[in-house]
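K.L.:
Sharing the feature lines straight out of TrEMBL:
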| type | residues | note |
| --- | --- | --- |
| ACT_SITE | Asp24 | active site |
| ACT_SITE | Asn72 | active site, proton acceptor |
| BINDING | Asp24, Glu211 | Mg(2+) binding site |
| BINDING | 25-29, Arg37, His41, 69-71, Trp73, Arg75, Arg192, 198-200 | substrate binding site |
Amino acid sequence: MNIYCDKSKLNPLKLPRHIGIVMDGNGRWASKKHLPRIAGHRKGVERVQEITEFCGNIGIEALTLFAFSDENWRRPEEEVGGIMGLLRWYIRKEHKRITENNVRFRVIGDRRKLSSDIIELISALEKDTYHNTGMHLCVALSYGSHGEILRAVRKIVEKVKENLIYPDDIDEQIFESCLDTQGLPPLDMFIRTSGEYRVSNFLLWQLAYAELFFNEVLWPDFDTEKLIELLKQYSLRERRFGMTPEQVSLKQNESAIYLKR
Ligand code: IPE
Ligand code: IPE
Ligand code: MG
């Protein structure tokens, strides 16, 4: 029994294995309060800590957070610099806690565009948490799904050129093993805050059968209560993967019998 699920009245058997969140609305949160945009990003980082801890406690296997997109490099230099500063601060401050909490940390995206000291901080945390066995915390940084897919295609072409695989061998499994998210469980749940109804180049391949949740809350206001509410909605959704409702309930009954054994 998981006491955190119990306290939040969540059914541990109906939780997503992997949640992806587009943490949007930091700038609007700050503007509403007549604060500079960076104040919204700062508050956003506090929410990252809260949501990450909660997801780990209830037994989520992987959490992927969209922190900075490939397209966000187009923002004013001052804002990009401010976000990078927050990132440094976050990794330095959280290194010990993430490592000791058994979290497995990874960054996905084109890290070559990040400054060398940030790359070092990230690599050190990835290395120190590599053998951890708890939740995967995956931060999408300088990330764009198109770029990720193209990198995967290049890796596959190299393998073909080296005669390690034949073109006919290329299947979903091989393709997924070349994505930045390789080894993570399938994405079950997608959340975007701030009332924007788009995916903005986030995990396009992985979203194929995820349940989508768009909500109006600005990310700096997105708390554990809100996540619990969405998780309850998730638990009521019927995921059919192309099958009929009858087939789905038959499968559920079968696995219930199997679990009872
Ligand atoms: C999301 O908040 C954080 C990043 C993209 C880095 P925004 O900065 O996009 O906030 P809004 O959408 O302008 O309110
Ligand atoms: C998406 O938010 C990226 C992150 C949350 C990090 P944006 O605010 O950059 O997305 P668009 O440009 O409005 O679609
Ligand atoms: Mg935005």
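Placement of Cβ uses the backbone N, Cα and C atoms for every residue, glycine included.
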K.L.:
For Gly27 (substrate binding site), which of the three DSSP-derived states applies: helix, strand, or coil?
P.N.:
helix
K.L.:
If one measures from the C-alpha of Gly25 (substrate binding site) to the C-alpha of Glu211 (Mg(2+) binding site), what distance in angstrom results, rounded to a whole number?
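P.N.:
Their Cα atoms are separated by 21 Å.
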K.L.:
Which of the three DSSP-derived classes (helix, strand, coil) applies to Arg192 (substrate binding site)?
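P.N.:
Looking at the DSSP assignment, Arg192 (substrate binding site) belongs to a strand.
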K.L.:
As a check: which entries in Asp24, Trp29, Asp70, Asn72, Trp73, Arg192, the recorded positions, place their Cβ less than 6 Å from an atom of ligand 3?
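P.N.:
Checked recorded positions vs ligand 3; flagged Asp24.
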K.L.:
Around the C-beta of Arg192 (substrate binding site), how many further C-beta atoms are within 10 angstroms, looking at every protein chain?
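P.N.:
The answer is 23.
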K.L.:
Near ligand 1, which of the recorded positions show up if the criterion is a Cβ under 6 Å from one of its atoms? Options: Gly27, Asp70, Asn72, Trp73, Glu211.
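P.N.:
Cβ under 6 Å from ligand 1: Gly27, Asn72.
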K.L.:
Determine the most Cβ-crowded residue among the binding-site residues Trp29, Trp73, using a 10 Å radius around each Cβ and all protein chains in the structure.
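P.N.:
Checking each of Trp29, Trp73, the winner is Trp29.
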